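One structure is given here, and the rest of the page talks about it.
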Amino acid sequence: AVFNGVRPKPGKEKGGRGEGREQVQAELVHPASTQQFLCQESPSLTEPSPGACKRCCDPLESSAEAPPLSPSHHHLPYPMPEVRPYINITILKGDKGDRGEPGLPGKWGKEGPRGERGAQGQKGSKGQMGTAGDPCKHQYAAFSVGRKKALHSSEGYQVLIFDTVFVNLYSHFDMFNGKFYCYVGGFYYFSLNVHTWNFKETYMHIMHNEEEAVILYAQPSDRSIMQSQSLMLELQENDEVWVRLYKRERENAIYSDDVDVYITFSGYLVKPSLD
């Protein structure tokens, strides 16, 4: 049976009256809450008569036969439910505050992947011309010179002097002594062209420093012809290259006039040694 929301459950009955009393467990249902409380009914203030039931909410009736209450017994038949207040913080939220000062910068993160190459920009304006460098530092050398005067052999060797300049880059060919001076070491190409004198021998050398490199030779003939010689030399800095006419052991000469150029000597740097 259920009495006013309480369903009594019989407990185990122990032996004598002095050892204990019957205990009843009840399930309390609070009308304003879905929570359920399990409580243990405190011992009855009065000894119930056999076979009689009492409601927990009934007022206590004093009986002359009931023994006095022990000071250690509870006055309430069930425990009071615990009340925990709940505050809705959202209704207490105020207005948005002012922006705070920026904090200290953090540590640098890891470097990201390299981005794609951007589009090519517009061509910039031309800069100013720089100062001229040292002539000996130029990696170029070239010359081409000519002669308008004939030359006959003498008692000794003669250096062929030229009087016409076609090309003389950085003035590496000395027109006063007829010699090319190497300022840039490397591989050079040289060529010599002369006009022979009829009935006379032509006997000349292209000289590398004081050594004979190659010979230009033509036998005596009843007619004059153009004769040429060419070669390549590996030169070191300060080497000299020049043309020499053989001495008068034989009657030899080269032909020219004051109008046309019949005699030419040319050379240029093919590849510098610094590469």
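Placement of Cβ uses the backbone N, Cα and C atoms for every residue, glycine included.
Features reported for this protein in TrEMBL:
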{"type": "REGION", "residues": "1-29", "note": "region 'Disordered'"}
{"type": "COMPBIAS", "residues": "10-24", "note": "compositional bias 'Basic and acidic residues'"}
{"type": "REGION", "residues": "94-133", "note": "region 'Disordered'"}
{"type": "COMPBIAS", "residues": "108-117", "note": "compositional bias 'Basic and acidic residues'"}
{"type": "DOMAIN", "residues": "136-275", "note": "domain 'C1q'"}
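Counting residues 6+ beyond its ends, the region 'Disordered' (94-133) has no Cβ neighbours under 8 Å in the same chain. Per-residue pLDDT, averaged along the domain 'C1q' (136-275), amounts to 90 for this model. Note: the compositional bias 'Basic and acidic residues' (108-117) comprises 0 helix, 0 strand, 10 coil (DSSP; helix = H, G, I, strand = E, B).
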